[in-house]
Amino acid sequence: MEIIVAGPGCPRCITTENNVKKACEELGLEAKITHLTDVKLFPQLGIIFTPAVVINGQVVVSGKVPTVEELKEILSKFAK
Amino acid sequence: MIKELLMAGFLALEDYIAKHVITCLIPAFLLAGAMVTFIDKTLIIKYLGSEANRLRSFSLASISSFLLAACSCTVIPVASGLYYTGASIGVAFIILWVAPAANILALIYTGAILGTKMVLSRIVSALLMAFIVGLVMVLIFERRPKESLLKAEAGEKSIIPKKYLILIILILLSLLSPNYLVRSGPYWHKVLVWAFFTFIMVIYAFTNIPKEKINDWLRETWWFIRLIFPLLLLGVFIVGIIGKILPEEWIKTWLGGKSLSASFFATLIGAVSYFATMTEAPFVDTLMKLGMGKGPALALLLTGPGISLPNWLAIAKVFGVKKTLAYIPTVIILGTLVGWFFGNFIF
């Protein structure tokens, strides 16, 4: 699974990245997590509001910090 | 000497924070959190991206900037996202300017500290400057209208459902009524009015809003508090110390009165230095007590949070050096003129 956390490097985005890592850990998922900070690339991914989480090319969270619980729910859908 | 300075800092903290936390800051943060949670920003941006008419898209951009989140860290990606998905360069720079220069948190706090007239002037001049900035950017960089990639489909859901709108209005009431209804009397009068409206708001929230959404709302509010409150405390503390160190004569000579040069210096100070959102209000208040003119004060209120050196660099990185070189001087010239105009003809 490929997960991209996108944000300009603000505290909210860092929390988002940590939550993603935690969610993966708790689910025991193997995922490649990248933190993208180049805002010029965001529109190509379909992101307008940050922080955003993109899983396998699909924007699943945008404009808010997702909780670990929310992420686990989303991630388990993709893991199937 | 150091002890005296620290004391000045703490006194300023006590004065500003004690008088504003309950009746101003808490409802303001609740409001900001509610706007982030309940307003469908994606839809606003879609409308903005697909609106071809310049006058309409400029107005829409200015107004929605009041509603978009307050921190500059959100604004740059939003503006660049709009631009790279096809919105006009004018729209992108209007958002880049208005959101920090006149966002709702900063406006409310300005009103509480500096009064209604100053806050109205701040709104009017920020909007005026936004239109000119947008126009300048379009004239230099965009002769032909662009084809947008974003399309708003007709009949899409509304930007904000009614029950959330009512909640936002109730929060606004709990915020505005203590500060604007109670003009004199001891501070606890304000607290009483605040408590009354907050009580109604809380009852409404718990009976009408799903629990999940309330959690989202409180979580966003907590984010604003965590991000802005420490900066605000630090800002006020530093302002207290600066007020003690700066000789009054300097302020009176360089920033006093309503001359063009005083406005220019105020704009320049604001344009270079970084003010976390809301800290500009106590700073300007302190300088005004030391003799800064009202016009220059307005100029500083606008450019202080609106632009700063780190923000020049960020804009240059995202939009390119040329656009930054057009944007920054435009803002500095406009800020100077606005300060001068308001100082001479309005205040």
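Each Cβ is built from the backbone N, Cα and C atoms, and glycine gets one as well.
Worth saying up front: this structure is predicted, and the values here are computed from it rather than measured.
Annotation in TrEMBL places A:Cys13 in a disulphide bond whose other cysteine, of A:Cys10, A:Cys24, is A:Cys10. The Cβ of A:Cys10 (active site, nucleophile) lies under 8 Å from the Cβ of A:Thr50, A:Pro51, each of these being in the same chain and 6 or more residues away along the sequence. Here the domain 'Thioredoxin-like fold' (A:1-75) has, by DSSP, the following mix of helix, strand and coil residues: 32 helix, 19 strand, 24 coil. Cβ environment of A:Cys13 (active site, nucleophile): A:Val5, A:Ala6, A:Gly7, A:His35, A:Thr37, A:Thr50, A:Pro51 lie under 8 Å away, each six or more residues apart in the same chain.
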